[in-house]
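Q: According to Swiss-Prot, the record shows the following:
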BINDING   His79, His90, His92, Cys98  Ni(2+) binding site
Amino acid sequence: MGETIRFGISIDDKLLESFDQLIEHKGYANRSEALRDLIRASLIDVKWENGEEEMVGTVTLVFNHHVRDLSDKLTEHQHAYHHQIISALHVHLDAHNCLEVLVVRGKAREIKKIADELIGVKGVKHGKLVMTATGHDLH
């Protein structure tokens with residue numbers, strides 16, 4: 001971690017008031033912590049948009065396991081991308097529905113492609129990709 005530097009910013013009073021409400025709602029200790037998180041989030045977004053950066057994340061899927069061949073298709077996808085899908089969690093939500101959470105790692109564009117393919121499999125009721133940085137470049 002580098003040296004901490006103090007700096008000042010000019011901000012509209014109403015915007016600052018809204019920011020302070022957000023800080024309180026999220027439970028930040030102070031404005032500095034909240035601002036650091038916002039900067040990190042922006043940097044991660046840029047890496048995600050670039051497509052070439054190494055990212056990690058999760059693909060969450062909800063599906064009815066009674067749909068013909070669906071479980072097999074999802075498993076085939078996982079095996080096809082075994083280098084990028086580094087872990088899987090399967091939960092039986094009820095007698096029909098399952099939740100699958102896949103931990104993924106790789107270039108952002110590759111991860112997005114994998115997620116789109118999995119979410120697009122016929123029978124998947126809902127799917128979502130959540131990406132973040134590997135932590136190497138975050139300070």
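Backbone N, Cα and C atoms are what each Cβ position is placed from, and that goes for glycine too.
Show me how these features fit into the shown structure, please.
A: Taking all protein chains in view, 9 other C-beta atoms sit within 10 angstroms of the C-beta of His79 (Ni(2+) binding site). Under the three-state DSSP scheme, His79 (Ni(2+) binding site) falls in the helix class.
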Q: Do any residues at least six apart in sequence from His90 (Ni(2+) binding site), in the same chain, have a Cβ closer than 8 Å to its Cβ, and if so which, in order?
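A: Counting only residues 6 or more apart in sequence, the Cβ neighbours of His90 (Ni(2+) binding site) under 8 Å are Cys98, Leu99, Glu100.
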